[in-house]
């Protein structure tokens, strides 16, 4: 290698200074979950109050690109205040210093606007003013809505009034005046508190909002605020029916555990019945909501007389002998006419009813400990069927080639196997079968745990579901 020579410095010459190469300092960043806190407040006095606790949203890291971290700040703290009256928000951002490290500096304003959109205001003073200037926002927005009840709808479609004593549900078509604007302010709550949810299409008239409204009497005019809501889509089912699909449901964190979620679901169930839709479905329910929904449906089914003989028949069969010792275990699924009766009368869809059916049988077994082994065998059979995606007990068609001098490529016979077992002696055993059996066992244990939790809750007489 040829090196470039440098002229030697004379005795009276100062040595040349070396250029320093600058490197950006390493910045490990901070997770959004660690530095952002969310507060729901209903008055300006609650802002910055030590008596107000933060609420836990979904994973905030998901709102920040890449690894979910915020870069370029030391000692970063972000307190986001949400006005539960007007649904405006304000972010109080503090930090010790900024560091323009190897990851740059996160644009906090842009990141927060991706969540809160037009609801976020720039200054604290502007935010505090919304408690007075936007005091009647909810009241004005829902004035043309339809008041719904758990027992029946009153049919009114204008000038909806809320009874002060109890929260009530007001329905609004998304295409109606004010509904789109109102939902746009609800979107941040959807993103923050409904896991995996996306905003609905406000241009699609088949969407309906069911708003859980609380009316609070004050010295001035009554104060209206939203404590929960659900978004439901109606779609066509051939030849002449509609189905209802519940897509989003939320009770604000500070109002959870008071039975409001159960009341909202009771209203929705009643709407499905009174409007005679085909059935009510739920889009990708969370584990928590599925538990609530199942508890509600179990109570409805326990008082539904047409299926009681079917439950008794299934229980009698299960208690006759040691099912766990039998080669073929009956499915213990409800008869088709029971499924149809439940769908037509209660609007519970087949998939949900099958889950409830297992719990109804569990509740009817007395004493449960005596029959738990056989019951577990039934649940194992159900779980295995769910995994396979088909009924393992249904006779399967098999094709077997047979010798023929007429047309060898087209010579075969078709027959149904006995008890759903394939008559093939060359069955290959999956090398991972022990792992599959262990996974099956874990799934069964999880299903049994869910069944017991629901059964315990609904068995407590006189207890109102606090969800």
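First residue shown is number 1, and so on along the chain.
Yeah, the Cβs are placed from backbone N, Cα and C, and that goes for glycine too.
The feature region 'Disordered' is assigned by Swiss-Prot to 1-24.
In the three-state DSSP classification, residue 207 (site 'Interaction with histone H4 N-terminus') falls within a strand. Listed in sequence order, 173, 174, 200, 201, 231, 232, 233 are the same-chain residues six or more apart from residue 207 (site 'Interaction with histone H4 N-terminus') with CB atoms under 8 A from its CB. Annotated site 'Interaction with histone H4 N-terminus' per Swiss-Prot: 207, in sequence order, evidence recorded as similarity to another entry.
For the recorded site, residue 259 (acetyl-CoA binding site), the DSSP three-state label reads coil. Over all protein chains present, the Cβ of residue 259 (acetyl-CoA binding site) has 16 other Cβ atoms lying within 10 Å. Annotation comment: Swiss-Prot describes 249, 250, 251, 256, 257, 258, 259, 260, 261, 262 as acetyl-CoA binding site.
In sequence order, 245, 246, 247 make up the list of same-chain residues 6 or more apart from residue 283 (active site, proton donor/acceptor) whose Cβ falls under 8 Å from its Cβ. Under the DSSP three-state reduction, residue 283 (active site, proton donor/acceptor) is assigned to coil, being neither helix nor strand. Look at Swiss-Prot and you will find 283 tagged as active site, proton donor/acceptor.
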Cβ atoms within 10 Å, counted per site: which of 257, 261 has the most, among these binding-site residues? 261
